[in-house]
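Take a look at the structure set out below.
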Amino acid sequence: RDSDHRAWTPVSCTVTRQNATVQGLTEGKAYFFRIAAENIIGMGPFTETTKEIVIRDPITVPDRPEDLEVKAVTKNSVTLTWNPPKYNGGSDITMYVLESRLIGKEKFHKVTKEKMLDRKYTVEGLKEGDTYEYRVSACNIVGQGKPSFCTKPITCKDEIAPPSLDLDFRDKLIVRVGEAFSLTGRYSGKPSPKVTWLKDDIVVKEDDRIKIKTTPTTLCLGILKSVREDSGKYCVAVENSTGSRKGFCQVNVVDRPSPPVGPVIFDEVHKDHMVVSWKPPLDDGGSEITNYIIEKKDAHKDLWMPVTSATVKTTCKIPKLLEGREYQIRIYAENLYGISDPLISDEMKAKDRFRVPDAPEQPVIKDVTKDSAVVVWNKPYDGGKPITNYIVEKKETMATRWVRVTKDPIFPSTQFKVPDLLEGCQYEFRVSAENEIGVGDPSPPSKPIFARDPIAKPGPPVNPEAVDKTKSSVDLSWQPPRRDGNGKIIGYLVEYQKVGDEEWKKANLTADSCPETKYKVTGLTEGMTYKFRVRAVNAAGESEPAYVPDPVEVKDRLEPPELILDANMAREQHVKAGDTLRLSAVIKGVPFPKVSWKKEDHEVSPKADIEVTGVGSKLEIRNTVHEDGGIYSLTVENPAGSKTVSVKVVVLDKPGPPRNLQISEVRSDSCYITWMEPEDDGGSVITNYVVERKDVASAQWVAISSSSKKRSHMAKYLIEGTQYLFRVAAENQFGRGPYVETLKPIKAIDPLHPPGPPKNLHHVDVDKTEVSLVWNRPDRDGGAEITGYLVEYQEDGADEWTKFQTVPMLDCVVTGL
């Protein structure tokens with residue numbers, strides 16, 4: 001069936017072979033074909049061609065590709081190119097197949113895996129030293145054609161050769177200005193080397209005059225119309241991965257010299273000769289100066305006469321001059337390559353009569369101050385001899401006598417600062433010049449000047465700012481101008497402007513009403529916003545205004561209190577008893593805060609003097625005592641807030657009395673004394689305790705310890721039976737505190753103990769309501785005579801004993817039972 005139709009057309013029904021020829025087809029059209037087998041039972045299913053077939057003339061495989069060439073070889077790759085076959089077999093080439101064979105093997109192996117249409121391919125990943133041969137085939141729709149002829153055997157190795165350089169120029173080359181020159185040569189190397197030209201180590205770049213031409217084998221640097229700046233050391237560098245080679249050439253572009261450097265100096269001038277000098281040319285043309293040519297000319301003639309043409313010195317004597325005539329000199333420099341343009345001198349008269357210098361022109365006075373002025377003048381004609389000194393003179397305008405201002409020489413400067421002028425006086429100045437012949441005439445007098453500092457308008461005040469305000473005023477402050485214009489600042493003008501208005505109003509009418517760098521602007525409206533500016537004024541006038549940076553709203557200012565503590569308000573303040581206690585602090589805040597001093601949250605002692613000023617407060621207590629110590633607090637408060645600081649004051653004094661003095665362990669010759677430290681140590685460590693005793697019959701206290709650091713002491717060497725009083729005092733570095741004394745005396749006797757129990761208690765008689773008891777004395781009486789015996793009875797089964805009576809003897813009748 002035609003590919004454009006769906007209907008099938010039968011071709012043959014009786015084909016018994018497995019092939020058939022279909023005729024009557026149209027060239028260029030596409031067809032589908034299908035085949036079914038048939039037997040006596042019937043026809044089987046069809047099998048259809050998978051894709052359409054276009055009817056055209058028979059096609060064959062392509063011819064073999066041509067001109068297979070090796071383009072590059074490295075140690076692990078080979079690059080090949082080829083041309084297409086002369087005939088493609090009637091169908092487009094669809095791909096090329098490149099094959100290789102390792103020498104020594106029989107089979108060719110396919111190199112390209114992907115579908116390749118390019119006619120250039122680099123085979124990579126080869127082994128260095130292996131030898132291969134290659135062939136290539138073309139493919140079309142029919143299939144793969146014949147392979148090309150094989151390449152020669154190719155061994156994998158890098159093709160390298162270090163650079164070589166063959167130059168056509170020598171080490172040195174001399175070229176005349178304007179001529180062209182070229183530096184040429186040949187080079188080789190594998191891989192192909194890079195060629196670089198340098199001049200004095202800087203890479204040469206092409207432009208209109210400089211041309212660089214490099215082929216695979218030749219190199220050339222050409223310069224057209226050379227100039228002096230082309231001189232230098234040229235270098236050509238040929239470099240590849242294996243090395244480099246360099247060639248050098250020192251090129252010197254030569255020319256005639258530039259003119260000698262002027263001016264021509266007339267070192268000596270006489271009636272018949274002169275001596276002149278000059279400086280060598282800035283550029284000798286690349287060749288040494290071989291000669292100077294000197295000529296002279298009468299200024300009123302056009303003829304130049306030779307003086308000499310054979311000198312290399314830069315000085316020359318010009319002879320054979322006519323007195324009174326004016327002459328010009330011209331000088332040429334010469335080298336091997338030519339003569340320079342001339343240097344021509346000014347006119348100079350040949351004369352031998354030297355004289356004193358001419359009078360200078362009227363001097364000019366500048367930089368006048370109250371005691372000095374600078375005199376400036378122009379140099380006059382020197383009279384043929386160099387000026388060696390200038391003489392400056394001054395005189396007061398109304399005086400007649402000129403006075404020299406300094407005996408020191410003034411030269412070569414043509415100005416001088418004259419010192420020691422009298423302020424307010426008017427002066428004139430004149431100048432004379434002096435050479436070796438003498439002193440010339442003085443100049444005309446200068447214009448009169450007054451000796452006083454020049455006054456200019458001052459600069460504007462510095463950093464004006466609003467430092468305080470109320471509901472009707474603003475306090476301004478600023479710093480003096482950086483420039484006062486050399487005149488005393490008379491005062492300041494303050495102006496203000498309501499924001500939104502154009503008019504500035506004066507806060508003060510005259511500058512002398514505000515001589516200080518502050519001013520209170522009053523009469524302002526509460527709640528309004530104002531701008532402010534200040535001008536400085538001296539005798540020369542008013543300065544430019546300086547503006548307060550931001551507009552100010554007029555209202556009472558609130559600033560929370562701030563305390564700046566003085567050194568005596570540290571956390572703890574020690575003061576010696578009897579000295580004066582001072583506590584003080586700087587206080588800030590708007591409005592100024594209310595100040596209150598407290599001690600331990602109570603009012604301070606009436607003896608304290610409290611002072612409050614506009615900037616701070618001070619508390620002072622004279623003749624301090626120990627009770628003045630404690631925590632003192634300073635509180636400042638205003639509507640914006642409050643602030644409190646505290647300081648602990650320690651009044652250093654003698655300690656207080658020891659506490660809890662007790663006597664124990666009394667014996668006939670000793671007792672043990674104990675106490676506790678004082679409640680108040682006086683602000684200093686207790687160093688020791690003093691213990692004293694006194695016989696009650698004596699008026700004199702006797703020290704028994706004065707260096708004890710312990711709070712106890714054993715009093716020894718007492719007299720038995722004597723009654724004693726004891727007292728103790730504490731000491732620190734400030735002295736001995738008050739004594740604490742025993743309340744009642746103690747007797748030096750051994751201690752008494754209770755007696756022992758009576759012995760052998762038994763009854764001797766019993767009645768129905770009474771019992772007669774007897775007993776023996778106890779073994780020990782406790783250190784004192786027994787004064788009686790206590791008799792007690794208890795009913796059987798009861799818990800309590802009932803006291804009966806105390807009897808003095810060793811027997812008793814208990815009654816009432």
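Cβ coordinates come from backbone N, Cα and C, glycine included.
Quick look at what TrEMBL lists:
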- 1-58: domain 'Fibronectin type-III' (DOMAIN)
- 64-159: domain 'Fibronectin type-III' (DOMAIN)
- 163-252: domain 'Ig-like' (DOMAIN)
- 259-353: domain 'Fibronectin type-III' (DOMAIN)
- 359-454: domain 'Fibronectin type-III' (DOMAIN)
- 457-480: region 'Disordered' (REGION)
- 460-557: domain 'Fibronectin type-III' (DOMAIN)
- 561-646: domain 'Ig-like' (DOMAIN)
- 657-751: domain 'Fibronectin type-III' (DOMAIN)
- 757-817: domain 'Fibronectin type-III' (DOMAIN)
Long-range environment of the region 'Disordered' (457-480) - Cβ separation under 8 angstroms, sequence gap at least 6: 487, 489, 492, 494, 496, 517-526, 530, 532-538, 540-549, 552, 554-557, 590
Among 1-58, 64-159, 657-751, 757-817, stretch most in contact with the domain 'Ig-like' (561-646) (C-beta, under 8 angstroms): 657-751
Averaged pLDDT score, the domain 'Fibronectin type-III' (1-58): 83
Helix, strand and coil counts within the domain 'Ig-like' (561-646) (DSSP): 6 helix, 53 strand, 27 coil
